[in-house]
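Swiss-Prot has this to say about the protein:
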ACT_SITE  Asp13  active site, proton acceptor
ACT_SITE  His41  active site, proton donor
BINDING   12-18, 40-42, Arg305, 331-333, 413-415  GTP binding site
BINDING   Asp13, Glu14, Gly15, Lys16, Asn38, Ala39, Gly40, His41, Thr130, Arg144, Gln224, Thr239, Arg303  IMP binding site
BINDING   Asp13, Gly40  Mg(2+) binding site
BINDING   Thr299, Val300, Thr301, Gly302, Arg303, Lys304, Arg305  substrate binding site
Amino acid sequence: MANVAVVGSQWGDEGKGKIVDWLSSRADVVVRFQGGHNAGHTLVIGDVEYKLSLLPSGVVRPGKLSVIGNGVVVDPWALLREIDTIRAKGVTVTPETLLVAENCALILPLHGAVDRAREEARGASKIGTTGRGIGPAYEDKVARRAIRLCDLADDRVLEDKVDHLLFHHNALLRGLGAAEIDKAELMAQIAEVAPRILPYAAVVWQRLDEAKRARKRILFEGAQGAMLDVDHGTYPFVTSSNTVAGNAAAGSGMGPGVVGYVLGITKAYTTRVGSGPFPTELTDATGEQLGLRGREFGTVTGRKRRCGWFDAVMVRQAIKTGGITGIALTKLDVLDGFSELKVCTGYRYQGEIIHHLPAGQTAQAAVEPVYETFQGWSESTRGARSWADLPATAVKYVRRIEELVEAPVTLLSTSPERDDTILMRDPFED
């Protein structure tokens with residue numbers, strides 16, 4: 001039995017929700033280990049649709065332990081709203097079924113205010129933040145001024161910590177010409193939310209160690225994607241945490257050997273939300289068609305996603321930097337009916353062909369894709385549940401992707417429906 005980490009191998013929005021739901025039905029524990037409530041996904045179980053952004057996917061399934069690890073930045077108000085929403089749909093959420101690491105950093109209302117004020121001040125240089133305070137909260141964590149969940153139970157230190165926070169952030173807001181945060185109002189907001197969120201606080205590393213020793217199946221659920229990783233992504237157009245699977249251990253309080261299989265969720269084409277380099281982006285009718293067929297709009301923000309051809313260079317890089325064992329290829333059915341498909345196999349940069357995405361911002365914006373062209377297929381792949389159901393040209397496309405990214409396709413998804421999945425290997429099996 002192997003514990004599994006699920007991560008995105010592109011810029012997020014790869015279809016992790018369906019795959020994580022499929023895997024979480026077989027896991028005992030589901031752990032979120034990084035990010036905040038800036039990325040979301042939709043689960044459909046029976047006739048009920050659940051939109052989650054902070055809660056682990058296992059929360060909607062009875063008998064599963066859901067864990068929010070120390071690597072997550074938690075907005076208590078957003079978390080409680082999400083809990084209320086799924087409770088209204090019949091899901092039981094209690095401090096016995098949901099644990100939040102007592103040492104996780106909190107997102108407070110001031111973080112959203114700072115996030116939005118700074119993004120507005122950037123003008124044409126916006127980085128595409130959701131404005132929900134995730135970046136500023138991570139900054140406070142690294143700068144050692146964050147208020148953590150455990151602090152809400154300690155009145156002796158809480159007010160001093162709030163003073164320290166406001167000294168820093170109100171200076172920023174003044175400099176940006178934005179309204180300052182009122183201390184009394186912030187303290188009242190914290191006092192109101194504390195008794196509602198503290199029951200979920202737990203010594204998460206200890207509970208996960210107990211689960212490991214009991215040989216429970218643990219699923220680590222990543223948010224966003226490898227190319228949004230703060231170190232390995234298209235910096236500065238990235239998120240504020242490490243999204244690669246290596247962070248599953250640090251972000252949950254477990255050792256580096258805890259993950260036995262890393263599954264990289266990979267869309268059969270490429271999408272991106274917000275600003276930043278996108279070598280294979282299509283701004284023509286083909287790109288528009290991909291977006292319409294794939295329903296490429298954000299779960300949380302509703303923002304339209306940019307669309308383009310599959311970028312094997314980028315995915316291979318994500319596989320290497322993220323330790324991905326195998327990929328789950330999603331949305332193959334979106335490519336049905338295209339007479340011709342293209343896959344990026346290299347970049348042209350300064351007169352040479354390179355096979356990696358450069359780290360420099362100027363170089364990332366300047367690379368031009370080198371394509372390999374494939375014959376498309378007219379038949380439908382939607383709902384296929386075996387290789388025999390796929391057109392030969394679709395099989396050829398998938399096999400060539402495996403060769404180019406240097407990793408096997410472990411799962412193949414052919415529709416949003418949970419059971420429309422072709423399984424080549426069970427990630428939970430050793």
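A Cβ is built for glycine as well, from the same backbone N, Cα and C atoms used for every other residue.
Taking Cα separation as the measure, Gln224 (IMP binding site) is nearest to Asp13 of the recorded positions Asp13, Gly15, Lys304, Thr414. In the structure shown, the C-beta of Asp13 has more C-beta neighbours within 10 angstroms than that of any other entry among the recorded positions Asp13, Gly15, Thr42, Arg303. Cβ-based neighbour count (10 Å, all protein chains) for Leu332 (GTP binding site) stands at 23. For the pair Gly302 (substrate binding site) and Gly40 (IMP binding site), the Cα-Cα distance reads 10 Å. A straight line from the CA of Arg303 (IMP binding site) to the CA of Gly15 (GTP binding site) spans 16 Å. Distance noted between the C-alpha atoms of Arg305 (substrate binding site) and Gly12 (GTP binding site) is 11 Å.
Inclusion criterion for the recorded positions Lys18, His41, Leu332: a C-alpha placed within 10 angstroms of the C-alpha of Thr130 (IMP binding site); this criterion is met by none of them. Once Cβ contacts within 10 Å are tallied over all protein chains shown, the binding-site residues Gly40, Gly302 are led by Gly40. Around Arg305 (substrate binding site), a 10 Å sphere centred on its CB holds 19 further CB atoms from the protein chains shown.
Largest CA to CA distance in the IMP binding set (Asp13, Glu14, Gly15, Lys16, Asn38, Ala39, Gly40, His41, Thr130, Arg144, Gln224, Thr239, Arg303): 35 Å, whole number. Closest to Leu332 (GTP binding site) in space, going by CA atoms and restricting to the recorded positions Asp13, Asn38, Gly40, His41, Lys304, is Asp13. Across the structure, the residue listed as 'active site, proton donor' and Gly15 (GTP binding site) place their CA atoms 8 angstrom apart.
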